[in-house]
Amino acid sequence: MSAFEVYRRKFKPALPRAIQGASYHLHTEEKTHPVADEQDIAALFPKTTHLPLLDIQPDTGAPKLLEPKRVGVIFSGGQAPGGHNVLCGLYDKLQQIAPKSVLLGFQNGPKGLMTNKYVELTEKFLEPFRNMGGFHAIGSGRDKIAKPEDFDAAAKTAKDNNLDIICIIGGDDSNTNACLLAEDFLKRGLKTAVIGVPKTIDRDLYSTKGIECSFGFDSSTKVYAELIGNICYDCLSAKKYWHFIRLMGRSASHITLECGLQTHANICLVGEEILSKKMTSRQLFEYLADCVTKRADSGKNYGVCLVPEGLIEFIPENNELFAYLNNTLLPHWTGELTADAVAAKLPDPLRTTFMAIPASIRTQLLLDRDPHGNIAISQIETEKFLGAGVQQVLRERGSKTKFTPLYHFFGYEGRCAAPSDFDCSLCYSLGAVAAILGCNGKTGYMASLRNLVRPPADWSPIGLPLTCLMNMEMRHGHKTPVIMKQMTDLNGNPYKLLARNRDTWLMNDDYQNPGPIQQIATESAEGTAVCARPTITLIEEARK
């Protein structure tokens, strides 16, 4: 264990004032409704739809200790900084409100739950993982509880281990699984409560009803922003490269937007804006070429451009092209597969779209296929797609502008980072909220916290019904209940802050280097230290 890890284990995560002790009460608030498709959701989830929101408030009465509980917990999906503190917060709160409770960590995600593979999480077991990054205490996985036999297996595990609670720590798909499992257990008459915890660095698991920020977003964006800040200063020092930096976020641009606000990169592309303007690939290349040319005209043949990894899928014409290739043309293809041969077989509008894609990327599209033979959109290097597009436009214009692109992808660097103070306390508090909800027999709820721009003592713990996040979407040709992903709000304050400063940041070298995550308080006043500051996104969203 490194000197840093030894030091970091000593940090004491903060809890909201309402749940610092063992005296609290659950206040029932308004009945909730699904975010869309209410009739369909209510028909599929008759036992958990329209549950009330629960506000956990402090109680001045004597602590009411509960009987020991048997609790299972899993990580589901990709890693995010702070996950281990959810386990620690869950364990510590269980021992406080239901002494001698047993916590079982099912290994490697939902598969561990279905196969009954677990390790008991004790004080001694958890000690090395407090305030540490990663999910390696019990591992994670992307298996889904989807088939009837999967639900049977999960129910068998719950019964065999006499579980009172199962806590699922994951993103939108994982919490959709939690919602399905809660409903299934109620239909079976099982006593096991199912509680979800919101995890995703992408921050597409968000709700105005009570999810202000999923854990991991704070730490990961601060890691990426540090790296981007370093590149900005390198860019300013060398004055000869354009850096195209792809950032995680296939479905939403929250990470890219936050990093742009932290670093003042010259260009920060927001996929949702491109979608709203119905931009074509060619229009995007033209815009970027204009930006490069404007800076070059000012003697600046360098810059930094931030790109969400899912950008290509925000361009409407690309989705039409990919759908036609995957569903109509490629399944019946015979003979040599070349870009020219494919172009000759495409109808006119789609041929134009295909030929607007740089030649090197066209070849990659056809060669990189998933196991089903479809174009592997997630494998497209978006930053190179844009850089090649700019080169193509400049070449067609006969421009003498000097343009030397360099490419970066920041993704896995941030998923298992040592969590920030914010994420340490957020995760620890989420674990505690999950324990309270489950120990009080609540099922089909997500543990959450409000007022996150305040110091942790002022955070408001709540239980949010999972069904109020649900809608129906087409998956594999069928309408399926899922938690709705939340995209970047183009009417929201964070985006407006970018829009107001976009032209200035493009032309000026107004770079900011936020530096590494600060983990030592430098001011005495609570909440004023650099290490205590939340993201700019949260601060801006809290502004009225």
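A Cβ is built for glycine as well, from the same backbone N, Cα and C atoms used for every other residue.
Here's what Swiss-Prot has on this protein:
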type     : residues                                                                                               : note
ACT_SITE : Asp202                                                                                                 : active site, proton acceptor
BINDING  : Gly78                                                                                                  : diphosphate binding site
BINDING  : Asp172                                                                                                 : Mg(2+) binding site
BINDING  : Thr200, Ile201, Asp202, Lys240, Tyr241, Met248, Gly249, Arg250, Glu309, Tyr412, Glu413, Gly414, Arg415 : substrate binding site
SITE     : Asp173                                                                                                 : site 'Important for catalytic activity and substrate specificity'
SITE     : Lys199                                                                                                 : site 'Important for catalytic activity'
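Across the annotated binding residues for substrate (Thr200, Ile201, Asp202, Lys240, Tyr241, Met248, Gly249, Arg250, Glu309, Tyr412, Glu413, Gly414, Arg415), the two most widely spaced Cα atoms sit 36 Å apart. Taking the Cβ of Glu413 (substrate binding site) as reference, residues of its chain lying under 8 Å away and at least six apart in sequence are, in sequence order, Val223, Tyr224, Leu227. Cβ packing within 10 Å was compared across the recorded positions Asp173, Asp202, Glu309, Arg415, and the lowest neighbour count falls to Asp173. Distances between the Cα of Glu309 (substrate binding site) and those of the recorded positions Gly78, Asp172, Lys199, Asp202 are shortest for Asp202. Close to Gly249 (substrate binding site), meaning Cα to Cα within 10 A, are the following recorded positions out of Gly78, Asp172, Asp173, Lys199, Asp202: Asp202. For the binding-site residues Gly78, Gly249, the largest tally of other C-beta atoms within 10 A is found at Gly249. Counting in whole angstrom, Thr200 (substrate binding site) lies 11 from Asp173 (site 'Important for catalytic activity and substrate specificity') by their C-alpha atoms. A distance of 8 Å separates the Cα atom of Gly78 (diphosphate binding site) from that of Arg415 (substrate binding site). Cα-Cα distances to Asp172 (Mg(2+) binding site) place Lys199 within 10 Å, out of the recorded positions Lys199, Tyr241, Arg415. In this structure, the C-alpha atom of Asp173 (site 'Important for catalytic activity and substrate specificity') lies 13 angstrom from that of Asp202 (active site, proton acceptor). The Cβ of Tyr241 (substrate binding site) lies under 8 Å from the Cβ of Cys235, Tyr302, Thr404, Pro405, Leu406, each of which sits 6+ residues away along the same chain.
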